[in-house]
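Per TrEMBL, active site is recorded for Asp150, Asp337. Residues or ranges marked as disulfide bond in TrEMBL: Cys163-Cys169. What TrEMBL records for 132-553 is domain 'Peptidase A1'. Annotation comment: TrEMBL describes 362-402, 426-467 as domain 'Saposin B-type'.
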Amino acid sequence: MGDGSSRSTLVLRTLIADYWKSSSLSWTLSQIFASPIWPKASSENYMSMGIKFLLLAICIWSLPDSLVSTNSSDGLFRIALKKRSLDLKDINAARITSREDLLRRDLGHYNSNFNDLEANIVYLKNYFDTQYYGEIGIGTPWQSFTVVFDTGSSHLWVPSSKCIFSIACYLHSKYRARLSSTYTKIGKHCKIPYGSGYISGFFSQDDVRVGDLLVRNQVFSEVTGEGFFTFLGTEFDGILGLGFREMAVGLVTPVWYNMFEQHRISQKMFSFWLNRDPTSRLGGEVVFGGLDWRHFRGDHTYVPLTRNDYWQIEMGDILIENESTGLCKYGCAAIIDSGTSLLAGPTAVVAQINHAIGAAGFINMECKSVALKYGNMIWEYLIEGIRPEIICVDLGLCIYNETRRVSPNIASMVQNQTQEGSSVGESAFCTFCEMIVFWVQVQLKQQKAQEKVYKYVDELCEMLPNPLGKSFINCDKMAAMPYISLTIGNKSFPLSPEQYTLVVEEGHTTVCLSGFVPLDVPTPQGPLWVLGDIFLAAYHTVFDFANMRVGFAKAA
């Protein structure tokens with residue numbers, strides 16, 4: 001029975017591979033044994049093979065939840081997400097950094113890498129604050145990995161079995177090419193930039209299973225070196241990018257492109273629902289091929305994309321209660337990014353928000369000194385109608401470089417001060433001056449008295465968010481904090497204090513932090529906002545590639 005036994009084992013494996021996700025595992029032994037290619041065998045052989053089948057069926061039933069059947073009669077493909085708890089260390093380590101920051105850093109080991117950053121990269125992050133992740137399979141038989149479904153990047157990468165010099169690789173699942181019958185070697189070297197450096201590895205090709213969807217011949221990266229991207233403490237193994245092909249290293253086709261190019265989904269869209277219920281085991285869902293009506297209320301507000309390489313839209317004013325923060329009144333760019341928990345935006349606005357919600361930042365004496373020394377002149381210039389963009393140049397704090405000012409942001413200034421122990425240089429005073437001009441301008445439009453304006457500027461200097469850390473909030477005062485509203489598609493999207501605050505359990509203590517962090521991206525890409533999971537948890541989000549738009553509706 002040697003030949004027949006191996007043939008029957010092959011048939012059994014084939015049936016299991018083909019039907020492991022069927023709506024029911026109720027097919028019987030008689031159905032399987034009735035297959036025309038099943039060898040003739042005695043009743044004892046049937047019983048023996050039946051026991052083997054039963055054992056294999058038990059193994060299938062014990063597969064991880066996210067790899068169990070997620071399709072339904074509505075034709076949608078759902079990927080269950082898990083949610084991890086953040087601690088203070090994760091929050092403080094989280095970074096969203098503009099490309100310009102990285103290019104300006106005077107760190108010898110960074111320079112050679114970041115000088116070749118692609119021009120279309122706007123910002124980078126390091127995933128320390130990522131909370132939501134799900135499971136996928138790679139290879140045949142599939143090897144399971146937990147990944148972040150990230151709309152802010154375009155790559156699929158997982159640790160490689162050839163990653164031998166990184167401790168983190170030994171703490172995560174590793175892809176083993178030799179165990180997969182569908183693996184194809186590519187071997188081309190690749191480097192992927194992130195907020196804390198690069199990860200490096202090489203391209204490979206294999207089948208990828210995302211829930212019920214089997215994507216064949218998917219090119220992905222096997223990571224062999226992390227650089228400064230350390231994911232020792234993370235609960236996920238890799239990243240599955242849901243961004244655009246134009247942003248992918250080597251222009252590799254992203255997984256979700258191949259889903260519709262291989263006709264696995266009928267509609268070119270996917271949607272996110274993030275579950276805010278802390279008692280629920282389900283962290284949320286990514287739905288490919290459509291949207292789930294159970295996860296939102298009312299209609300979606302759709303807005304067109306403004307770029308063809310990012311999920312980027314135009315956003316209007318940011319309101320504290322009903323008061324304008326000014327800077328985005330006539331429009332700012334906003335990128336919808338499921339790979340971060342944070343809401344990142346221009347320092348000039350974030351400082352106003354953190355001041356209004358009582359978030360305690362780091363007292364910045366340099367900001368106060370600029371306000372004290374130049375405040376009267378800034379006031380007089382604005383009263384006289386001098387153009388705001390030339391005031392700081394006229395005061396000698398900023399210089400022109402061809403057609404635009406040189407205005408490095410605060411993050412780079414604090415980085416240099418922290419590393420070198422020196423006082424802030426002239427370029428940082430330019431940044432402080434520009435912010436003070438903007439703040440005074442906003443107050444003048446509200447017809448505030450000069451004394452009140454100076455007091456307000458002084459308070460904002462104290463509340464400047466720390467680019468290397470986060471701003472704390474008194475948890476007991478959360479009920480009294482204002483709503484912060486974002487204007488998208490001429491419609492207001494309010495966030496309650498509970499929605500924009502990160503609550504972290506630290507030992508036996510609860511710590512509350514502002515979900516707003518600074519990110520200063522210069523023109524032409526900026527001013528820019530990054531709307532992370534804080535926003536996506538409040539508003540169910542549809543990423544409609546067919547119509548190049550994004551839609552938001554109140555999450556249910």
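Residue positions begin at 1 at the first shown residue.
Glycine too: its Cβ is placed from the backbone N, Cα and C atoms.
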| remark: Smallest Cα-Cα separation from Asp150 (active site) among the recorded positions Cys163, Cys169, Asp337 is shown by Asp337
| query | For the active-site residues Asp150, Asp337, which one has the sparsest Cβ surroundings, going by other Cβ atoms within 10 Å? | reply | Asp150
| request: Round to a whole number and give the Cα-to-Cα distance in Å for the pair Cys169 (disulfide bond) and Asp337 (active site). | output: 26
| message | Given a separation of at least six residues and a C-beta threshold under 8 Å, show me what packs close to Cys163 (disulfide bond) in the same chain. | response | Cys169, Lys174, Gly201, Glu222, Val223, Thr224, Gly225
